[in-house]
2 protein chains.
Amino acid sequence: MSVTGPAGFRAAGVAAGIKAAGARDLALVVNDGPQQSAAGVFTTNKVKAAPVLWSQQVLQERKLRAIVLNSGCANACTGPGGFQDTHATAEKVADVLGVGAIEIAVCSTGLIGERLPMDALLPGVDSAAKALDTGEQAALDAATAVLTTDSKAKQAHRAHDGGWSIGGFAKGAGMLAPNMATMLSVITTDVAISGADLDEALRAATRVTFDRLDVDGGTSTNDTVLVMASGASGVEASKDEFTALLTEVCHDLVRQLQDDAEGATKTIDITVRGAVSEADAVTIGRIVAEDNLVKTAMFGSDPNWGRIAMALGRAQAEIDVDKVEIATNGVTLYADGATARDRSEADLSGRQIEIVIDLHLGEHTATILSTDLSHDYVEENSAYSS
Amino acid sequence: MSVTGPAGFRAAGVAAGIKAAGARDLALVVNDGPQQSAAGVFTTNKVKAAPVLWSQQVLQERKLRAIVLNSGCANACTGPGGFQDTHATAEKVADVLGVGAIEIAVCSTGLIGERLPMDALLPGVDSAAKALDTGEQAALDAATAVLTTDSKAKQAHRAHDGGWSIGGFAKGAGMLAPNMATMLSVITTDVAISGADLDEALRAATRVTFDRLDVDGGTSTNDTVLVMASGASGVEASKDEFTALLTEVCHDLVRQLQDDAEGATKTIDITVRGAVSEADAVTIGRIVAEDNLVKTAMFGSDPNWGRIAMALGRAQAEIDVDKVEIATNGVTLYADGATARDRSEADLSGRQIEIVIDLHLGEHTATILSTDLSHDYVEENSAYSS
């Protein structure tokens, strides 16, 4: 269950013919209200795809009736023509639903630099509108239609005792280091909440979830997380409760993205403790997460902590080398400026690896979720254009 | 010919037993004067190996009688004991040469976190001192003794019409993104020059050579470039002429490092033009050089410029997306905010790939030298601790 879990939403995912081979490639998620609050966070990349530029504009009203998403083409680096394609997509959805285009967000994912096949996409919107449904299958179809190199759909749902819930789906397997958003994610809730509060909650939740995922440093041109609230439960949750549950849903989705990342044979959680600021903890966690020598060592199940020390030493952050402690899977290997225990004592043979770096300088902590660098990653990203 | 090319220098490279299998692992380069000017640039990594801390200290006098280098052990993250090992190494060399330890620089490269086997290293210094010679073979032995995962020695030599020359060797194949220095490099000259002028020339030369090499983003704990001037030619060159020739030697060495980088099947030169500052050009070049999706696309000979656009959009630099032009091997693929020519027109099947990014914003240019990300890179860095 995902986006149709909360009351007030319908979804669909169809094969419009954007992708070859008849796979589902067009998704539609509609908010039937009574409210239409919405918020979004978008890529920090300076190169922004046309649908990002469009959706940022329409989100200024903090109101959405529907989100249309396609896979198979990112519609990025496509110039004014590409922006017109996004606009035409929104107009088509608005027309079919009898609303204004300003209430329609658009998301695209796939190859950069190619134009959308509008002659396939526009009829696909009609098919998707006809398929709209409140059931679980419709949500799964939508979550499936946005996939690219993902091996499976990523969905999450959490119900609150107070009679409301939050659901969502996400996609993304490569070019995956979201900053204020991941590749694409749609989240729905039936709580009654204003657009401003929704925006605040979304930023708080993504800051500690999507923004902490770093598979390959590749903040994409299309990263987008959108949330829509229908108010259909009639319940107004407290801001704290809503933010907490939203964070849980985001975290669930991010874990699924981490686990299904391109070529990953290990999921690596890098926790930085004792930092003078959260920003420092994140900076250090990311530089270790993105370091190819650390990533290949982890692929080889080798607790080569010297590479972790090298990587963190490159960070623009406050570090006292003699105070740093490095542990892998619970075994402290480096402390007091020298080897603590022999690395043969740390067993990294399993899929899950935990790296803990304690700076012993302050009270701040952050965990970055990452993966290893494997032959499959190289194969997948050298053999195919994606 | 390399460090013994200029007059006034002797070199040696011997097998001291630091590495297994009897490979050469200890090098000695001695400046017999009459002058002993010297300068050095060192890693910007906050985690600095003991020999870096030592050599930075002794270089404050801008005078060196000799440099001792070992492979097989980086002597990094080894605490006070590791620093004492470096000190004892310098004392031993000073003793054998009849000079002061303050005139001896020490360099180490190899695995981080292991202590030096001093019972092998110290007798090795005696053997090296006995083997000191002014010939080409001695220089090659020294250049060979510093290698780790390198497949071959890297040497360079340039003679000036005015009767003086510059020679040098370098090593480094992974953890290779020097910043103010590469893994290890020793350069000699017989020009008569002060330590202060030598320092200035070295910084100018490395800024546009060693600092422009970025194989895997891994600025190491041991990066060091040292230069010694003997004055044995009796010639005082102009500062400009000396800096120009020194830059040529450094560039020659860096090209060899790039070409022999771990697992490289492609050498990739990324030129950024039209930047508002040189710093911006370097920042953009480096972020493209370090991007795994760009690197794997290059491994696959795929001119997937969308990944280049994504990578440069992440840079903390001034960019106007609609003005950017991206060309690979002479074919402009992206311009005016959209696809310019079909990427099938760019042939990347050869070993050498040139990426040119023109920002069309200013007059500044920089070229970053990099390599692709191949199966061999993953294999080499996951199968062995190095």
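The first residue you see is number 1, and the count goes up from there.
Placed from the backbone N, Cα and C atoms, the Cβ positions cover glycine too.
So that you can see what the record holds, here are the features copied from TrEMBL:
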type	residues	note
BINDING	A:THR148, A:LYS171, A:THR182, A:GLU262, A:ASN381, A:SER386	substrate binding site
ACT_SITE	A:THR182	active site, nucleophile
Can you tell which of A:THR148, A:ASN381 has the least company, meaning the fewest other C-beta atoms within 10 angstroms of its C-beta, among these binding-site residues?
A:THR148
Using Cβ atoms only, which of the binding-site residues A:THR148, A:LYS171, A:GLU262 are under 8 Å from chain B?
none
Secondary structure at A:GLU262 (substrate binding site), reduced by DSSP to three states:
coil
